[in-house]
Structures are given as structure tokens and as C-alpha cells.
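Trainee: Pulled these features from Swiss-Prot for this protein:
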ACT_SITE  83  active site, proton donor
BINDING   18, 49, 50, 51, 75, 76, 77, 108  5-amino-6-(D-ribitylamino)uracil binding site
BINDING   80, 81, 122  (2S)-2-hydroxy-3-oxobutyl phosphate binding site
């Protein structure tokens, strides 16, 4: 996507702050990518990964601001209970449902990892930079959506 196209884009970043430091690293990567693309953005914060899809749905349905796309940022670290599977699966499924059923361009940067070491390796901008990757994915999906037209019809 060219910078001229990106300059006209406005993106909403929805970040879960359950792990503050990891969230900061993911956000830094996402913001850096959007700034390099010269896209504008807003940021909202939610308590955890399960709340991210709801925030995106609220913004899409009720916001007076139009967002071309969304970046979902958060981290789910496996614990001793089944809660990890619920949060990891349901947050991802809800984002996919928004993409498929509401035709939203979403970059998914919700980390699902075994431990904090894996989370840091994926969150840091100088390592795997998954926040930046999620922002880039959102920009790519926005471009694809625009290529096929804002109104997508399924045959």
C-alpha cells in the first residue's frame, strides 16, 4: 500500500492491558508501523483479550468516527486452568466473526503463548514485533477491502 493511500486511513487500535509491559511493547510496534505508513489512529484500552472484539463492534456500530480498520493487541499466557483455551479461542473467533460477518479489516495482534518469555520475544519491536505485524496486516486488509469495494457481496 502506498504512503499516499495510507495518509488517508484512520485506524483504531484496541489494546488489552492485562500485561502492561507486554502491552506497551505491542503498542509501540503497532504505532510505529502506522506512523511509518502515515496513517492516523486512535487508541482505546480494554481490560483483557475477551473485551477486544466487543470494543471493535462498539466502535463500528456506534462511533461517530469512521475507522478504515482495526488493530487488536493483547496477550494471553497459559496458566494452570482451561481459562487460557477459552480466552485464546474465543477472542480469535470473535475477531474472525467480525471480519467475515461485518466485513471489518482487522489485524490480530493477540499473543497466545506458553510463558512470559515467549510473550516478550513476540512483543518486542526488535524481535518478532507482533504489534507491528498486526498493524501491517490491518493495512493490507484495508487495501484488499478497498480493492474489492467497500460493499462486499457474497454469492
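Backbone N, Cα and C atoms are what each Cβ position is placed from, and that goes for glycine too.
Quantities reported herein were computed from a predicted structural model and do not represent experimental measurements.
For each feature listed, report its degree of burial, its nearest neighbours and the pertinent distances within the displayed model.
Mentor: Residue density at residue 83 (active site, proton donor): 11 other Cβ atoms are found within 10 A of its Cβ, drawing on all protein chains shown.
In sequence order, 87, 90, 91, 94 constitute the residues six or more apart from residue 50 (5-amino-6-(D-ribitylamino)uracil binding site) in its chain with CB-CB distances below 8 Å.
Residues near residue 80 ((2S)-2-hydroxy-3-oxobutyl phosphate binding site) in space but far in sequence (CB under 8 A, at least 6 apart, same chain): none are found.
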Trainee: So for residue 76 (5-amino-6-(D-ribitylamino)uracil binding site), how many other CB atoms are inside 10 Å of its CB?
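Mentor: Result for residue 76 (5-amino-6-(D-ribitylamino)uracil binding site): 25 other Cβ atoms within 10 Å.
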Trainee: In terms of DSSP three-state secondary structure, what is the assignment for residue 18 (5-amino-6-(D-ribitylamino)uracil binding site)?
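Mentor: Where residue 18 (5-amino-6-(D-ribitylamino)uracil binding site) sits, the three-state DSSP reduction gives coil.
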Trainee: Given the recorded positions 81, 83, 122, find the one whose Cα is closest in space to the Cα of residue 51 (5-amino-6-(D-ribitylamino)uracil binding site).
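Mentor: Smallest Cα separation from residue 51 (5-amino-6-(D-ribitylamino)uracil binding site) among 81, 83, 122: 83.
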Trainee: According to DSSP, which kind of secondary structure is residue 122 ((2S)-2-hydroxy-3-oxobutyl phosphate binding site) found in, if we only use helix, strand and coil?
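Mentor: Helix, per DSSP.
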Trainee: Please give the maximum pairwise Cα distance, in Å and rounded to a whole number, for the (2S)-2-hydroxy-3-oxobutyl phosphate-binding set 80, 81, 122.
Mentor: 23
